[in-house]
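What follows is a short report on a single structure.
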Amino acid sequence: MCGIWALFGSDDCLSVQCLSAMKIAHRGPDAFRFENVNGYTNCCFGFHRLAVVDPLFGMQPIRVRKYPYLWLCYNGEIYNHKALQQRFEFEYQTNVDGEIILHLYDKGGIEKTICMLDGVFAFILLDTANKKVFLGRDTYGVRPLFKALTEDGFLAVCSEAKGLVSLKHSTTPFLKVEPFLPGHYEVLDLKPNGKVASVEMVKYHHCTDEPLHAIYDSVEKLFPGFEIETVKNNLRILFNNAIKKRLMTDRRIGCLLSGGLDSSLVAASLLKQLKEAQVPYALQTFAIGMEDSPDLLAARKVANYIGSEHHEVLFNSEEGIQSLDEVIFSLETYDITTVRASVGMYLISKYIRKNTDSVVIFSGEGSDELTQGYIYFHKAPSPEKAEEESERLLKELYLFDVLRADRTTAAHGLELRVPFLDHRFSSYYLSLPPEMRIPKDGIEKHLLRETFEDSNLLPKEILWRPKEAFSDGITSVKNSWFKILQDFVEHQVDDAMMSEASQKFPFNTPQTKEGYYYRQIFEHHYPGRADWLTHYWMPKWINATDPSARTLTHYKSTAKA
């Protein structure tokens, strides 16, 4: 996880403007650099580095002798960079995975380049020879990117919105900052005065499409057809490959472990592959919760079963509530379920950074959206409607779960890796017949559970453990995080405030006291930026008024009441 930042055509003092880049210093605690672009006194790059690959030569912007006119600032991991280097016989100057972007661009242009990348990324590529600027982001938006572009051609780009909101520009006192769309790249012309003009925004990949880079993958051949045993075999192959390719790092690997299906599968497969790779350390797994919470108990079972070096982080309701302000500042959103679920992830990331040497952290993010794991999928009117909803959730990941996962870990200088959002694994899963992917026998993610039933990766009670929302599983049924928050906000927001909510917050008006409380905090940090969240995350088909799984009639808990 790194932080990237760039300005083109600034009409204010760059030394003053660069101060805004320090607001994302948490993303790269190992080193930082600011560099002016040759020949353009009002253009510069900023970079905060978390050294994960090639600690000696990995500073950015990346420039190599062969292409002196190319400047690259990127945040991400390109898992197939070595395969592409060997395939096209590129001569590398560094061991940095991102260098492949320069070679591919020189060989085939921006579209072929971005379609060949197997990984997660957000980048700014400058070509001074052809006077072009390119912005790009991975399919699911696992790595964040924000931009501000004024009518007169001032462009500002950053990993997080907080690095842009305080920038000054003569013609636009209030810069419109917006997220760069996942699965897209943008082409901009660079003018002699350093300003830019947008040429085109291109959608280069959809989650259901098999990626172009698949033809160069080293994964073993998949079997054709949709017979259940064939599908299960292919899913195991692709999942194991998704884990394996993400072992690329020079830093210690750890894994978040809630004791739910997704994180448990990741942890078990990860530990197995680390042993095969003969890494010189034990896998550290991390669980958080209040004492005797369902997640802590389940995670302990998994850790004992797989033999990881397990860490349990206990927190109380007061610590959780006190963290809300810094959590919302880090997230840059006021979405209710995102904030709720982020508290535990924020606190455990803080623990990992302070108490361990694990830096690259695996997690199970993306599985619920991909495999129809949310409880409300039981209410889907048809397999086809469930399929549509799954694709919608994946398309909006960058606003919700992926945002949460990135900001809570990056806030503490950690890098998150999410194998369930692997291009090959996800596109194959989405290609399966809709009826194979829906809940079965009252159990969500039935196909995924069935796939690993005979693998001995996990205890049966974990493999078939019902869905538990992370924000609820870290507490208990009797005193859930949901209930704790409702009791707290009842004393912070009164009925009079709620009656005037639509006047105070006309856009995305909060409908609950909890939502009002979060919105107040957000507006304090980011006044006038409510449109960063287009809509609240809510379950479908059930007329819910709150996103908590605790409020659903289908909810089942493995905890003792």
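Glycine is no exception: its Cβ is also placed from the backbone N, Cα and C atoms.
Ile288 is the only one of Ile228, Ile288, Ile328 that Swiss-Prot places in the ATP site (with Leu256, Ser363, Gly364). Between the candidates Asp97, Asp106, Swiss-Prot assigns the L-glutamine site shared with Arg49, Leu50, Ala51, Val52, Val53, Asn75, Gly76, Glu77 to Asp97.
Here the CA atom of Thr545 (phosphothreonine) lies 29 Å from the CA atom of Ser363 (ATP binding site). In sequence order, Asp295, Leu296, Glu312, Val313, Leu314, Phe315, Gly344, Met345, Leu347, Ile348, Tyr351, Ile474 make up the list of same-chain residues 6 or more apart from Ile288 (ATP binding site) whose Cβ falls under 8 Å from its Cβ. Of the listed recorded positions Arg49, Lys385, the Cβ environment within 10 Å is emptiest of other Cβ atoms at Lys385. Other than Arg49, Leu50, Ala51, Val52, Val53, Asn75, Gly76, Glu77, Asp97, the residues of this chain whose Cβ falls within 8 Å of the Cβ centroid of the L-glutamine site are, in sequence order, Met1, Cys2, Gly58, Val96, Gly98, Glu415.
Long-range neighbours of Val53 (L-glutamine binding site) (same chain, six or more residues apart, CB within less than 8 Å of its CB): Glu77, Asn95, Val96, Asp97, Met248, Thr249, Asp250.
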